[in-house]
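Here is what TrEMBL says about this protein:
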COMPBIAS  10-21  compositional bias 'Pro residues'
COMPBIAS  22-48  compositional bias 'Low complexity'
COMPBIAS  57-71  compositional bias 'Low complexity'
REGION    1-71  region 'Disordered'
TRANSMEM  96-117  transmembrane segment
TRANSMEM  123-140  transmembrane segment
TRANSMEM  152-175  transmembrane segment
TRANSMEM  195-213  transmembrane segment
TRANSMEM  234-255  transmembrane segment
TRANSMEM  275-297  transmembrane segment
TRANSMEM  318-342  transmembrane segment
TRANSMEM  362-381  transmembrane segment
TRANSMEM  393-415  transmembrane segment
TRANSMEM  435-454  transmembrane segment
TRANSMEM  461-483  transmembrane segment
Amino acid sequence: MPDETEPTRTAPPPQPSPAATPPTGTRPATTPQDAAARPPAAPGHAHPYPQPLTPDQMRQQQWQQWQAHQYWQQQRRQKAVEPPAWRARVRPGPPARIRAASLWCVLATALLSGLFLGEGLGLNLLIVAVPAALAAFFAAQAAGRRVRPWSLVWGFGGLALLAVPVLRDAGWPTFLAVLSALLLGSLALHGGRTWPGVLIGSLGLIGSVVPGIRWGRRGLRERADGARERWGPVVRTVLIATVLLVVFGALFVSADAAFAKLLGKLVPDVSLLDGPWRILLCALGLIGALAAARTAAAPHQWDKAEIAPARACGRMEWALPLVVLNLLFAAFIAVQLTVLFGEYAAVLDATGLNHSDYARQGFWQLLWATLLTLAVIALAGRWAPRSDARDAVLVRSVLGVLCLLTLVVVVSALYRMNMYVGSYGLTRLRLSVTAMEIWLGVVLVLIMAAGVFGPRWLPRAVVGSAAAAVLAFGLASPDALVAERNVARFKKTEAIDVDYLRGLSADAVPALDTLPEPQRTCALRGITDASGIAGPWYAVSLGERRARAVVEARPLGPAVTDCGGLDSDDSGNYGR
């Protein structure tokens with residue numbers, strides 16, 4: 001009999017047989033009643049709706065968004081404050097304090113600009129440029145900069161270019177000379193020996209305009225603080241001297257006519273009506289001189305702006321297109337030589353053109369071919385193979401042949417222009433593009449020399465050749481050349497375009513003075529009426545003085561009612 005304290009044992013529940021247990025991953029069979037009681041299953045793509053955020057969760061989410069916004073704002077400010085690496089290399093240090101000598105030269109530049117500019121161009125540009133150059137020299141000296149030989153070359157070259165408006169009256173070579181003088185002056189202040197240095201440095205003076213004004217104002221304020229006792233006597237002395245000059249000068253002018261005439265020629269004529277214009281010229285002179293001095297004190301080092309090297313191409317990939325181009329150039333030159341020495345008349349008969357029209361038809365295409373060839377040479381040099389010495393020989397050989405063939409194309413273009421000028425006369429446009437074609441030929445020669453002696457000196461040589469070309473073009477007196485060639489052509493063929501010659505400058509007067517009447521009077525009257533051939537001594541060029549002497553020595557004849565009737569039949573070609 002079992003013990004009463006022993007726990008009662010219960011039988012385990014019955015286990016289902018293995019046959020009745022469904023395999024894993026299978027759904028057990030349901031009866032129709034179970035299917036009716038169970039709700040339909042949601043589709044597989046449906047998701048439950050998001051639960052609304054609690055106030056704490058919303059505040060936390062807003063805090064995270066604000067932190068992310070602040071982080072990106074900080075990153076953006078850091079990118080704006082930290083300049084790129086190349087900019088940090090070229091950026092100059094803080095300039096030294098402006099010297100008193102520079103301030104006086106800047107003031108002199110401003111006063112001379114207001115007095116001498118505005119009535120024409122002549123010696124006044126040199127008068128204004130000299131104190132501006134001295135201001136830059138004193139600023140560079142205060143900063144401890146040593147004057148380099150190339151800076152002297154660019155500086156004196158710019159001053160030489162300013163001699164063109166002193167000698168010539170024509171506006172188009174004068175514009176080129178003044179613009180080139182400004183570019184050379186900026187290059188002299190910056191210095192530069194690489195392509196970025198000479199190209200950006202020649203334009204870098206523009207970026208010093210605003211910093212120059214701030215630098216000059218800060219230096220003037222620093223010198224004025226605590227030094228009023230020194231500036232007071234200077235201001236009083238200048239005022240007293242000015243009053244004495246005005247009072248006694250007015251008395252002497254009214255007392256003697258000869259002295260009045262002499263003083264009137266020497267002193268600029270300044271009236272109250274010109275006051276705003278004179279003030280503007282003073283401001284421009286002041287800003288320009290400050291920009292030059294600021295650049296000389298702390299110029300950008302554009303030579304340190306390194307250009308990332310391009311990927312070098314393979315020999316076949318690089319050489320094959322250039323060899324094909326060389327073959328094309330050689331074929332064109334061979335055809336030109338054949339036409340020139342053997343089949344020239346047959347080509348003219350087949351095309352229906354005369355030799356001048358044939359020449360004009362191809363000149364512009366050859367000019368563009370020369371320009372595009374220079375671009376191809378620059379790009380080919382950048383992507384040229386440079387793994388060993390054989391690559392260097394390949395590059396020099398292929399590019400040297402291309403330069404040599406392009407020189408022959410330049411000669412062909414110049415020959416075509418010479419034929420065209422012989423038929424229709426010389427114009428400003430034809431002379432300008434001829435001079436440009438000659439300069440492009442000089443650049444090709446410099447590139448060939450750089451392939452032999454190394455390319456380090458090439459940027460300076462190209463800039464120097466451009467400046468020399470502009471100077472030679474201005475000193476050659478283009479309008480005088482145009483007039484001389486057309487007068488010589490008129491004496492041979494009696495063909496002339498008087499209406500075109502009337503638009504030339506006073507430089508053409510000595511050559512046009514040799515024309516017979518009434519062509520002489522028609523041509524010269526248009527020039528004298530347009531220029532007036534009058535002005536103060538500092539705003540009159542040598543060409544204007546010569547023209548004035550010619551007209552005074554041999555006055556013009558009676559006015560011609562119809563000068564256009566004196567033109568020849570081919571005058572319509574003068575605009576081409």
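Using the three backbone atoms N, Cα and C, a Cβ is placed for every residue, glycine included.
All TrEMBL annotations are machine predictions without curation.
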Handout entry: Highest-contact recorded stretch vs the transmembrane segment (461-483), from 96-117, 152-175, 318-342, 362-381, CB pairs under 8 Å
Key = 152-175
Handout entry: Distant-in-sequence neighbours of the compositional bias 'Low complexity' (57-71), which means Cβ under 8 A and at least six residues beyond its ends
Key = none
Problem - Contact set, same chain, for the transmembrane segment (195-213): CB under 8 Å, 6 or more residues outside the stretch - result: 182-187, 189, 287, 290-295, 299-300, 302-303, 305, 307, 459-460, 462-463
Practice task
Grab the same-chain neighbours of the transmembrane segment (393-415) for me: Cβ-Cβ under 8 Å, and only residues 6 or more beyond its ends, written as numbers and ranges.
Solution key: 315, 319, 322-323, 325-326, 329-330, 332-333, 336, 359, 362-363, 366-367, 369-370, 373, 376-377, 380-381, 384-386, 434, 437-438, 440-441, 444-445, 447-448, 451-452
Handout entry: Within-chain partners of the transmembrane segment (362-381) [C-beta distance under 8 Å, separation at least 6 from its ends]
Key = 318, 322, 325, 395, 398-399, 402-403, 406, 409-410, 412-413, 416-417, 420, 433, 436-437, 440-441, 443-444, 447
Problem - the compositional bias 'Low complexity' (57-71) - residue tally per DSSP class, helix then strand then coil - result: 15 helix, 0 strand, 0 coil
